[in-house]
Amino acid sequence: MCPPTIWEKGGQVGARWSLRAPEVSAMAEDGSEEIMFIWCEDCSQYHDSECPELGPVVMVKDSFVLSRARSSLPSNLEIRRLDDGAEGVFAVTQLVKRTQFGPFESRRVAKWEKESAFPLKVFQKDGHPVCFDTSNEDDCNWMMLVRPALEPGHQNLTAYQHGSDVYFTTSKDIPAGTELRVWYAAFYAKKMDKPMLKQACSSVQAAGTPEPSVSVEPERGQWVCKVCSNTFLELQLLNEHLLGHLEQAKSLPAGGQQHEAASEKEPDAPRMEPPTAAESKSIQSVMVTKEPKKKPRRGRKPKASKVEQPLVIIKDKEPSEHVAEIITEIPPDEPVSATPDERIMELVLGKLAAPTNEASSVPKFPHHPSSTIALKRGLVLSSRHGVRRKLVRQLGEHKRIHQCGTCSKVFQNSSNLSRHVRSHGECAHGDKLFKCEECSKLFSRKESLKQHVSYKHSRNEVDGEYRYRCGSCGKTFRMESALEFHNCRTDDKTFQCEMCFRFFSTNSNLSKHKKKHGDKKFACEVCSKMFYRKDVMLDHQRRHLDGVRRVKREDLEASGESLVRYKKEPSGCPVCGKVFSCRSNMNKHLLTHGDKKYTCEICGRKFFRVDVLRDHIHVHFKDIALMDDHQREEFIGKIGISSEENDDNSDESADSEPHKYSCKRCQLTFGRGKEYLKHIMEVHKEKGHGCSICHRRFALKATYHAHMVIHRENLPDPNVQKYIHPCEICGRIFNSIGNLERHKLIHTGVKSHACEQCGKSFARKDMLKEHMRVHDNIREYLCAECGKGMKTKHALRHHMKLHKGIKEYECKECHRKFAQKVNMLKHYKRHTGIKDFMCELCGKTFSERNTMETHKLIHTVGKQWTCSVCDKKYVTEYMLQKHVQLTHDKVEAQSCQLCGTKVSTRASMSRHMRRKHPEVLAVRIDDLDHLPETTTIDASSIGIVQPALGLEQEELAEGKHGKAAKRSHKRKQKPEEEAGAPVPEDTTFSEYPEKEPEFTGSVGDETNSAVQSIQQVVVTLGDPNVTAPSSSVGLTNITVTPITTAAGTQFTNLQPVAVGHLTNPDRQLQLDNSILTVTFDTVSGSAMLHNRQNDVQIHPQPEATNPQSVAHFINLTTLVNSITPLGNQLSEQHPLTWRAVPQTDVLQPPQAPAAPQQAVQPQVQNEQQQMYSY
């Protein structure tokens, strides 16, 4: 008896399917209640409850399964049901500020069917949004359960887009038991076209005067403008808003008339009142952060002259860190008549002390330094008697932090932060202010648009479409507006860095670059101008001493003189013709054409400038970068290098220049160590300090000790040990015991300092601190040799090894050496064959991630870079440049060391070696070292001197299509035509000198014989009177049979590399089991292979009517593919499988007499001889 089948409303099946289900479904749909029917197969009827005969049905339901949204909830969160029946996410434990959740996971659709209470989108680069469908809990994670905030006080999470995902970040500390409520970040809300949460405004009094004490207090973290009562979620937005009020106040007329005019036009406008004492205290707390808050002094009346004029705005382009602190001297208890702009400024500063609900404003303020700096930008306090600016270090000991509120990235100044903040709105059309007129692409920065126009909408040649040409860089544009916007100034690089002498096209780029060099520490004693380097300051100070008149621009304009005569004119180098922006830069460049007068006393290397020499010292002492400034100067001074440049071409007296070497006996000074050494040896008869290893001499003992570090492996003087402290584990040298002990922490293996961004761990805290510079992407360590910037000192030290040629990391497989360990590890992966990175689009694997990323461009953007010579396409510009360099850039003709073939490009040489000498690429010399001497195969053991074969230069110029046609033509030649092929000119083949060009042209041709198991083929002729065949004749008719070896190689054709006659006395072959011999007939073209030593014996024959040739194949694969000794490889293991040749096919040479020494015939033995064809 079968169990009954259960049907539910809507046709859903309980036990199994029935054909009558649709009828039951229709019956159920007519009723208002859900009806469940039971189909009984015994009585063939439906029952609404149970069958009278069989009884009730046992119901089995599925076990309860949580949805994806509820099962993905973190352990420190829980879902609670509220009183109104809704559900919310609550914190089980306290969540600190800046805690990030995400990414938000859901099904992504192009458009919503129904918008949810808290819609989310992701804006792509093309501007089209992708919507998040949060209708199904099984498609989303727990973040869909977080309810949106309705008021600012409820919000504790901020939603924002980062990349192609959406994240939630806590905007304040969330205590345990608090519900999580989310709303959009400021810029994300602008993209989503959603309003920001606003605080309810306070009621305005009947008189129209707003009282700050009566205003409604905003929630924590909200900022209210006291001028217009607008509310802002972030302090930076309030700052930018307040600057607009200040601009309006600045444009109004000053004095009491302004006040009256404003009252007449706007009768309902609130009157401005003097600030209260509390507001004045707030002003002081904002302005002075370096010292603790002090109570205002009582009982002292201020002087009338102390009253300051209102604050005004000046447009300052300098970064915010160069703006001085502003200290106002308005007494807090002295009421002053306030103008509207003063009142606005007081409201601004009074509000900026802290949010209005904060009880203590001063301790909370240091947490918002970036906002204060952004507001103080450009504010200068002026007086009637002039401008007074007091420079105070900003924020004292408090470190300035410019942090992005969206992604938490930290910047050095507010201008970089403001530029970065716009990048978060790069996908929203509303945030992009600059539009490309050609492709309508939007950009948030003007610099990005300029770069886009120069790269995407310009060419280097003028044509009918691109007819607007830039006079500076030569680029052409399709539209005139694009050329005007381009505004190229690349050739007019008039701004030079004083630290590293690099040139920049704009002053703003130079200012950004100067931040890499740190603070300006050296001031001119005459004009107090600050410099980064002391030598540059001294050079500047000489201009004052020389009486150079400093002319102000105002004086020139007043006198009517032309400004052109004082403008820096471009100057060209008289030696090389290079043009510089001014004569001073050209004079610095002229030093490169002169003598290298600054010599390293340790290694003897010479330099043009002393600052480059001082940077070079880091190569010898790796830990010198860890010293502070005082220790570094003292240590460098010990080895005889001063911080001043000794310019021999200077017009000043010798006494004005500092000297490095001073004689203690006669008080004479010298600029170079060699001059000082010569002086003490000739005048005072002193020997100095000599190195017993390299026999160099030094005047100073400290320089001698520093030099001895080079000979650290063979130190003769025990006193030098105080300068040398080697590590017993790795052998690295340190100049102090403290640095050595600190270095030993690396070898303990304990890495207790982890990076929070990438998870990498380090043994020391200073190593972690140095590693953090990698994430900042600031390259402040410049190479003194090439000017390349590095992120860390460690990277600079390794980079300097490239200039020195130091390669200390060796591959244990192929013994190739590298300067950096990371490059060696990448190279070693090629030996292991490990490929950890796979392309998810095509399944191809790679050993390096960057190689895989480059490969993915084939699937995404395709091959966009085309070679103008051969029309090959490449993914990246670098690959195209590499192709042109290797393939099309002609170099001096190179000859193959094995066969003498000449090629003109590196790619041709690589192709030649791969096709003609594949064993050189596959077999290393190290693999043959363990073999016995008797098995070594070389030219002496074979007894054949190979001729030097090569191709003519004219033949190399032919394309590969011409070569293919030439090969096809040669294969169609008849045997009698091939018999007339010439022989290369050689001392052995002197009877064929006139036919060398024809022969050499055919030797280098490509064939199908890319054979791994064949190293060399020597073809010899039996009769010197018979014309020798060409290199490919006689082997093309060999019967092809698949050959199985240990390596699994197969080949179809063979290519000889030398052709000649075999004579008994001078060309005797020393055959062994490693040589495979093929005997072939020059007339019929048939061939036989011999694989034993006694198969071919050379002895004179009376006459050779049917001359034969012998080809000897020297097999190197048998040396490396088998462990068996060489003598047993062919005879016992038979690594090659041959097919026997019938005896009737064996060529039997006639036994006619012939002159000895002139005809050589291979003796073919009878039944015992094994002859095979392939």
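A Cβ is built for glycine as well, from the same backbone N, Cα and C atoms used for every other residue.
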Exercise. Out of 46-68, 138-160, 598-620, which range is noted as zinc finger by Swiss-Prot?
Worked result: 598-620
Seminar exercise, completed: Which range of 1-24, 217-240, 865-888 is zinc finger in Swiss-Prot? It is 865-888
For this session: Among 571-593, 939-961, 1008-1030, find the range that Swiss-Prot records as zinc finger.
Result: 571-593
Problem set entry | The annotated zinc finger range in Swiss-Prot, which must be one of 81-103, 495-517, 1047-1069, 1116-1138 | 495-517
Seminar exercise, completed: Candidate ranges 391-418, 531-558, 895-922, 1147-1174; Swiss-Prot annotation region 'Disordered' resolves to 1147-1174
Exercise. Of 177-199, 522-544, which span is tagged zinc finger by Swiss-Prot?
Worked result: 522-544
For this session: Summarise the zinc finger (522-544) by DSSP state, stating how many residues are helix, strand and coil.
Result: 11 helix, 4 strand, 8 coil
Exercise. Quick one: DSSP breakdown of the domain 'SET' (75-185) into helix, strand and coil?
Worked result: 7 helix, 44 strand, 60 coil
Problem set entry | DSSP helix/strand/coil residue counts for the zinc finger (781-803) | 11 helix, 4 strand, 8 coil
